[in-house]
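TrEMBL annotations:
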- 1-22: region 'Disordered' (REGION)
- 126, 189, 220, 251, 415: UTP binding site (BINDING)
- 221: substrate binding site (BINDING)
C-alpha cells in the first residue's frame, strides 16, 4: 500500500499541483478511517461509545494535520498588545470577606494529571513524587483545597484530568483522602493511536491498550475541553451553579486558588466577565522558550515557539519584544448565556437552558487549537508521530480573552531535580499545602540552578548526593556537574560553580560555606 508521504515524494504531477495534493490527502483520510474502523471492531462492547467519541476527535485532528500548510501565524500580522490586554496583578482588588464563600461556590479546580514521572526516574504518575516533607504534589493540592473549604465553609471540588498512563495509580492514591473535606472527581483525557511516520497510519493492531501501550498516547492537555464535556462532569458542574474552572499543571506548586483573580472574574467593574484568562509572568532569560501572548486577527492568543518561523525564533526569544510568558494557569468560563425557547408546539411554557462557553466552542467546531507534531521513536526503533494540542491555545476561540501579569511566585513548576532542590530548600516554608517564599530571601526571584544530567537527573540519585539540602537563601546561581556530593549544613551564596571532571570526584564537607566560588578538579576534602 503506497503511503501518503511516499505519494507526495514520488508524485508524477507537477510540483505544487493542488489536485494531486487534495487526492492524496483524501486517500490518506480514507485509509485512516478504514484502520480506525478495524480498531473499533476490537473494542469491548461496553467501551465502544467512548472509543468512537475519541476516534471522532482523532479524525478531526488528523484531517486538520493534513490540510494545514505552513506556519499557523504570519509573523508580519502579529499586532501590538492593546493596553488593556494584560492586567497587572497589583491592580486587582480583594473581595470583601462576606463575598468569598459565595464566590468559591462558583469555582471548580482542575489539575492536569496526565504525566508520568519517568523523566525524573520515577515510576507511576508524576503527581505522587514526594516534593516536600514527604508530601507529594497531589498531597499538597488536596491540602490546599481542604484548607480553602474549611476556612470559608464551602465545597470547592478538585478535578483531576488523568491519562490512561496515570488513571489506575491515581485512583488507588485518592482513596486515602476520603476522610477529608474535599470532593475529588476524575476523568480521562483521550487515548489516541500513534501514527507511523512513513505510512501515516496507526501502529496499533487492536484496542487493548495494555497489550501494546507504546502504540497509544494521550494527545496533550488541549484535549481537556472535549474530554470534560464527554465525561458528563461539565453538565454536573453547570447544574450546581459553577461558573469558572481554574486549570493548572499538577507540578506547578505556585498555582493556588487566587481570590483576587476570582473576584475580577465574578465581580467585574464593567459587568463583562472574560471567558478565558491566562496568567502570564515576566519573562527572564531562563524562560525564552515559553509561550507568550500576542494580539492576532483582533484577538488575544497563545504563541508557542513551535509556531514561529525559523527566521524569527530570535525575535520570539527576545525579552524586550515579548515581555511575558504563559504559566499555564488558566481560568475558563463554564457557564454562558441562558437560552429561553419553547419546549414544543403543543406547549406554551418557555424552558431555560444554559449553553456553556465550553459547550458552545465544541458544538460550533471552533476549537481549532494549533497542532503540535511530536516525533517519537518506539523501543523497537519505529519512528512515529503523535498529534497534540495545548490547553492554552483555545484562548482564541473564547470571547473576552484577558492576560493577568502575576507575580513569579505563581509559577513554581517542578520539571527537573534542579527545581526539586529549590522547593525542598529553606527558600520556602510550607503553609496549608502552599509553598511560601522565606521573608529572609532578599530577592523575589528564585536562584538559577543547573544540575548535571549524568549524576543528578533521577530523583533517587539526586537525593543520595545531599546529606541534607543546602542553605540557599542567598544563592543567585548554582551550576553542578559531575560526581559531586554535599555534606550536612552546607551554605551556598552568590554564584557557585562546582565541576568534577570525568573520573574525578568532589565532596563538599559538612558545614562548608561556598560564596562566589568556582570549584573544580578532584577534591575529597575542601578547606574554606
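Using the three backbone atoms N, Cα and C, a Cβ is placed for every residue, glycine included.
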_When you rank 126, 189, 251, 415 by Cα distance to residue 221 (substrate binding site), which of the binding-site residues ends up on top as the closest?_
189
*asked:* Using other CB atoms within 10 angstroms as the count, which residue among the binding-site residues 126, 221, 415 scores least?
replied: 415
_My understanding is the cutoff is Cβ-Cβ under 8 Å with a sequence separation of 6 or more in the same chain; which residues meet that for residue 220 (UTP binding site)?_
372, 388, 389, 390, 391
*May I ask which residues of the same chain, at least 6 positions away in sequence, place their Cβ under 8 angstroms from the Cβ of residue 251 (UTP binding site)?*
115, 126, 127, 137, 413, 414, 415
*Just counting, how many other CB atoms are there within 10 A of the CB of residue 189 (UTP binding site)?*
26
